[in-house]
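Per Swiss-Prot, these features apply:
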type: BINDING; residues: R23, E80, K120, K443; note: (6S)-5-formyl-5,6,7,8-tetrahydrofolate binding site
type: DOMAIN; residues: 217-367; note: domain 'TrmE-type G'
type: BINDING; residues: 227-232, 246-252, 271-274; note: GTP binding site
type: BINDING; residues: S231, T252; note: Mg(2+) binding site
Amino acid sequence: MISGDSIVALSSGRLPAGVAVLRISGPQTRFVVETIAGGMVKDRVAVLRRFKAPDGTVLDSGLVIFFPGPASFTGEDVAEFHVHGGRAVVARMLEIISGFDGVRHAEPGEFTRRAFLNGKVDLVETEALADLVNAETEAQRRFAVRNAEGVQSELYLSWRRRLIHARAMIEAEIDFADEDDVPGSVSDTVWSDVRAMIGEIDRHIAGFHAAEIIREGFEVVILGAPNAGKSSLFNALARRDAAIVTDEPGTTRDLLEVTLDLGGLRVRLTDTAGLREAPGKVEAIGIEKARAKADRADLLLLLEDILAPGVLGPLPGKAPLLRVGTKLDLLDEGSAREAAGRYDVAISVVGGTGVEALLAEIGRRAADAAGDVGDVLPSRLRHVELLGEANRHLLRAAAEDAAGQELRAEELRLAADSLGRIVGAIDVEDMLDVIFSQFCIGK
């Protein structure tokens, strides 16, 4: 358990607020509670107290809860003061608490860092807590909660346990090659399991893009010729005038982005400059940005004016294409039905026709790309990198023409170490500052 300084911070949201929660963790916690709350309180019970400074000055009235270590979030003694959420109240409470000997203001993520160092959470669970705090959609929340409960960590630890067992079997075969206690078929069983694990890890790595879509968003880029109605559609989907709409071609020269929540999934929609030949110098820069953005898209919306269909030439990007006919309101009913058949979706932003159908189709494609939010997926690039590293060691170990059993066993050890670094079981000190800097002060 960590010893030394105690830390304090505001753990609740932005001030002013109805209630603010101040959290303290460390060896001085009990003394701070006794002093400010006028005596110790029962463990894990919210008690109403008048809070006073050491000189007797009344600071506020509120609830105090004490969580004795190691059965607390950080593994240390922890207390929470629930006070009125005014800026002056919180500032004075923090000033008084941090004024105690051995108590200081917490750094970003320091409470969670102490929880990790005290074995209360592993690194994957820590990252999931950061995702949960930052979750904006239902899919992000569900994904983060599942990983925070240890499902992802357990998968990596189960692979690691299998490798440790495999290595033990191989080393036993090496050490007792002349004994009858070790069956000759042990190595065959071990390498069969290792090859199966290689496939399992490969399939798991393949799910990273789905995890990216859940965490970062499904990228949708609007493309089309100038005046095809891109900015009008963008504004309609954003439900505000985010883009300038005029009859003059080439009005949009920079990328405009808005975030939507479709069926609980985050969807990032980008409006781009109209694609055309021989644009002006500034407009050409916008078109180049549009092409670069399209290269990173998950879905391209190709908009075309139904009254003036044209040929744009080769389109940027390799993402699936959704052809959208615009300005449907300018046609009579019969012509509109005929024209709509040429597109995946035909819309009229002015009348609202087809816009909800387009949103539904985008949402369906986003859901297909994200897959089942309950699937166990690698949630960080570092997971993918370490999983790939583990598999490279396993491939070398499992190769038919591999060197002696000793070297193959060493490759198994290195693979297990790579998996261990994902959850923080070994050698992760260099990653801690990066990971915990993602948290707010009070977490």
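Backbone N, Cα and C define each Cβ position, glycine as well.
Structural mapping of features recorded in Swiss-Prot.
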| residue | record | CB count, 10 Å |
| --- | --- | --- |
| R23 | (6S)-5-formyl-5,6,7,8-tetrahydrofolate binding site | 24 |
| E80 | (6S)-5-formyl-5,6,7,8-tetrahydrofolate binding site | 21 |
| K120 | (6S)-5-formyl-5,6,7,8-tetrahydrofolate binding site | 19 |
| N227 | GTP binding site | 22 |
| K230 | GTP binding site | 29 |
| S231 | Mg(2+) binding site | 24 |
| A273 | GTP binding site | 26 |
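In sequence order, A273 are the binding-site residues from R23, E80, A273 with a C-alpha within 10 Å of the C-alpha of S231 (Mg(2+) binding site). A mean pLDDT of 82 is what the model gives for the domain 'TrmE-type G' (217-367). It is 55 Å from the Cα atom of N227 (GTP binding site) to that of R23 ((6S)-5-formyl-5,6,7,8-tetrahydrofolate binding site). Secondary structure from DSSP puts S231 (Mg(2+) binding site) in a helix. K230 (GTP binding site) sits 50 Å from K120 ((6S)-5-formyl-5,6,7,8-tetrahydrofolate binding site), taking the Cα positions as reference. A separation of roughly 50 Å, to the nearest angstrom, links the Cα atoms of A273 (GTP binding site) and K120 ((6S)-5-formyl-5,6,7,8-tetrahydrofolate binding site).
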